[in-house]
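Have a look at the structure below, then the notes.
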Amino acid sequence: MAIVLGIDPGSRVTGYGVIRQQGRQLTYLGSGCIRTVVDDMPTRLKLIYAGVTEIITQFQPDFFAIEQVFMAKNPDSALKLGQARGAAIVAAVNLNLPVSEYAARQVKQTVVGTGAAEKSQVQHMVRSLLQLPANPQADAADALAIAITHCHLSQNTLRLGNDQMVLARGRLR
């Protein structure tokens, strides 16, 4: 059994999702958003760090999975996203959680079946896979999808010494 915390980083809204994996069964434990309403970037980063730390303390996850930075059209947006990711990652590392990163396309491919999926498709599939009564809000659904991706890929992956990764089917990664 493992508990996985997924994070969809953002400088204004950071989504989180927590699931438990037992074999192939995934169970929803919680999700939501850390909202930063201040304009001051250092204060936003502090709020993200504190929020992620609180979530880790509450749910005691075994793994931390986060979305990688994508190249935005606006370089300023990409920099802010990178800073938000950094605040969340530092919270995880400070609490000794192993960190895994996944590209948005890889998450969509794993959860929906196509890397070009729309947000509504991700929400629908997360709802279906976790047997939720309603679609989660978009940022929380993305975070849950990241956690689901981690569970799916970790089932097919063996960890070797020196952090080398080899897929169970024999393909080097």
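Including glycine, each Cβ sits where the backbone N, Cα and C put it.
Here is what Swiss-Prot records for this protein:
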type	residues	note
ACT_SITE	Asp8	active site
ACT_SITE	Glu67	active site
ACT_SITE	Asp139	active site
BINDING	Asp8, Asp139	Mg(2+) 1 binding site
BINDING	Glu67	Mg(2+) 2 binding site
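Glu67 (active site) counts 25 other C-beta atoms within 10 Å of its own C-beta, drawing on all protein chains shown. Asp8 (active site) carries a strand DSSP state (E or B).
Separation of the C-alpha atoms of Glu67 (active site) and Asp8 (active site): 6 Å, rounded to the nearest whole number. Taking all protein chains in view, 24 other C-beta atoms sit within 10 angstroms of the C-beta of Asp139 (active site). Sequence-distant contacts of Asp8 (active site), defined by Cβ-Cβ distance under 8 angstroms and a gap of at least six in the same chain, are Thr14, Gly15, Tyr16, Gly17, Glu67, Asp139, Ala140, Asp142, Ala143, Ile146.
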